[in-house]
């Protein structure tokens, strides 16, 4: 991208930031009570709430990561968007309405209310913080990547910028402002990814499906080819797999020796060290990072890599399907629904909005296999969405579309990070600090700072894959607590605590092992890279077994709580913590006597 | 303000009138639907009958949820193993697009929404039935 393109992108990113600020500011002038800050007075309509849930949920992993993985892994990567959406079906089936009626605002609230145990609340607070931070890190890294592509800044600048914008915005308005902002962010993201896709598809079909001339069709069984002479800077060491012999010229260290000038690569694997420049002629076949499908035929067909690929796929489906319900920022959002019924309807809308969105990253991934295959060489395929428009359409149109996707990506980081920050800060301020508005602000600043530090010092992985691990943590800790807590009366505090800790520690162990293996030659087998298929059943079984063994400590009010969660809304058993604590006199009166009303 | 409030009259009234106004006290209103109160109270007091009702509702909702989860999980979950064991299926094309791309890229989203819609309908119907039964 040239300098002119940078200007467009900077303007677009600045516009997103300003719009986020001003919407947040306008909302915050009305937000003045603690209740406004925390729960938006529960006046948010289900359709806008659904847009807000989707806006908050569509993170860097969805906006950049899905297209990048489609480019790299082909049809297997489609399980990510499927899982991201299917998670909401699971949430709707097992959690949405009862959780809303339970009146719990955060996950620790639910755990404490259901099992009446303070220590258990601490355990779940710890896991909320772990999930929040794990989820924030890839957002920050994505922001670093985007800003790096646009302005060639080092990674930490983007991370810091996103953190500052979000923290300031959360300072100002709390959740109500955020609801408006999130709903806006969904439509912004949909626009930012669909417009380039429509334009590019129009151009692609208009030119007979061979726009750009030299590139090789996806149906051919060989590797993709460079459409023009391309030079690539390799900044991290990489192992490439070559299928078709290729001539290139290299400067730096290749295959263990220093290289300066023409190099011939036969079929096999080749090592490229950091700070090496590779130059490929136009029409040359593209080598790709070892471990990813290198020919289009492998890329087009599912599970090319044998049974371990199959297990990874199932494990991923498991993590995403069951992990969504355990994400703290998603559940907080459900509290702004009026009652259980509208919580369900909100989820239904979310299914629609997400299904609509995910068509576009998939098309982006397909097109980028044709036009930006050079990303396969460095393995940094997360940049596909950002790089594609500029490469596909030369001139101002391409630059403007590139700017639009950059702005959309930025919207993705902003919305997900602010959602996470609000919920992490909410938990921090009410559980560890004293729960005043001031504490909420301290907590927000703290929760923004920690992930930035981690994002700067840990080597970035594929965004979607890191997110997959976060889902595995959520699926192995909060999913069993929620499902069993809502549907099984015999759950005991000890069972929930032991089960959650076991599941969570298993996943964290696998995460550490995978990270170590990333630095020492990728030896980790599938069950360490994506452990949910094993850890979720472990968590469920531990929880059930320990509960069976400690039946005497079943909470006394379990039946009353079950009635509150499952009795239909018109009967009026719903009870809101914040109405009792902060509500207006009228609302409190309704709460006190509203039991027998229709 | 509660219908049955029998506390001292509020200060505002006392300020204007020296003596509290005479009130009609109704201990049982024969026109009111008595059963409403009775069943809801049974729910609230957790009598065995009330417990039975709630268990019934929870069981029905859970069965619906599990059925829909298993149908959806079954349809989606069979795809990877199907494409793995029958490779010819993975190479089929429909209108120029490979079958796996259609089956994974387009199909799941209407399926998920449809399942959500069906579940929502059932769940709301169960709740309506429950309310009707309690308040009949």
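Yeah, the Cβs are placed from backbone N, Cα and C, and that goes for glycine too.
The transmembrane segment feature in TrEMBL is assigned to A:6-25 (among others).
The annotation transmembrane segment is assigned in TrEMBL to A:50-71 (among others).
Residues or ranges marked as transmembrane segment by TrEMBL: A:77-99 (among others).
Note on the transmembrane segment (A:157-174): residues 17, 20-21, 24-25, 27-28, 31, 36-38, 139-141, 143-148, 151, 181, 410, 413-414, 417-418, 421-422, 425, 440-441, 444-445, 448-449, 451-452, 455-456 of its chain, located 6 or more positions outside it, place their CB under 8 angstroms from a CB of the stretch. Residues or ranges marked as transmembrane segment in TrEMBL: A:157-174 (among others).
Within its own chain, the transmembrane segment (A:186-206) has Cβ neighbours under 8 Å at 16, 19, 51-52, 54-55, 58, 63, 353, 356-357, 360-361, 363-364, 367, 385, 388-389, 392-393, 397, 401, 404-405, 407-409, 411-412, 415, counting only residues six or more beyond its boundaries. Residues or ranges marked as transmembrane segment in TrEMBL: A:186-206 (among others).
What TrEMBL lists as transmembrane segment is A:314-336 (among others).
Summarising the annotation, TrEMBL assigns transmembrane segment to A:348-372 (among others).
Look at TrEMBL and you will find A:400-428 (among others) tagged as transmembrane segment.
For the transmembrane segment (A:440-458), the residues of the chain that approach it from at least six positions outside its boundaries are 37, 132-133, 136-141, 144, 155-156, 159-160, 163-164, 166-167, 170-171, 174, 417, 420-422, 424-426, 428-429, 432-433, 515, judged by C-beta separation under 8 angstroms. Annotated transmembrane segment per TrEMBL: A:440-458 (among others), in sequence order.
Here the transmembrane segment (A:464-488) has long-range neighbours at 59, 61, 65-66, 68-69, 77, 80, 83, 87, 94-95, 98-99, 107, 110-111, 114-115, 124, 127, 130-131, 134-135, 137-138, 316, 318-327, 496, 499-500, 503-504, 506-508, 510-511, 514, 529-532, 535-536, 538-540, 543-544, 547, 565, meaning same-chain residues at least 6 beyond its ends whose C-beta is under 8 angstroms from one of its own. Annotation comment: TrEMBL describes A:464-488 (among others) as transmembrane segment.
Residues or ranges marked as transmembrane segment by TrEMBL: A:500-520 (among others). Note on the transmembrane segment (A:500-520): residues 123-124, 127, 130, 458-459, 461, 469, 472-473, 476-478, 480-481, 527-529, 531-532, 534-536, 538-539, 542-543 of its chain, located 6 or more positions outside it, place their CB under 8 angstroms from a CB of the stretch.
Tertiary proximity for the transmembrane segment (A:526-546) is limited to same-chain residues at least six positions away from its ends with a CB under 8 Å from its CB atoms, namely 308-309, 311-312, 314-316, 318-319, 322-323, 465, 468-469, 471-472, 475-477, 479-481, 484, 491-492, 494-496, 498-500, 502-504, 506-507, 510, 513-514, 517. Residues annotated as transmembrane segment in TrEMBL: A:526-546 (among others).
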Cβ-based contact of the transmembrane segment (A:314-336) with the transmembrane segment (A:50-71), 3 or more pairs under 8 Å: yes
Intrachain residues whose Cβ lies under 8 Å of the transmembrane segment (A:50-71), provided they are six or more past its termini: 44, 77-78, 80-81, 84, 135, 138-139, 141-143, 145-146, 178-187, 189, 193, 329-330, 333-334, 336, 346-350, 352-354, 357-358, 361-362, 364-366, 368-369, 372, 375-376, 381-386, 388, 408-409, 412-413, 415-416, 418-419, 462-467
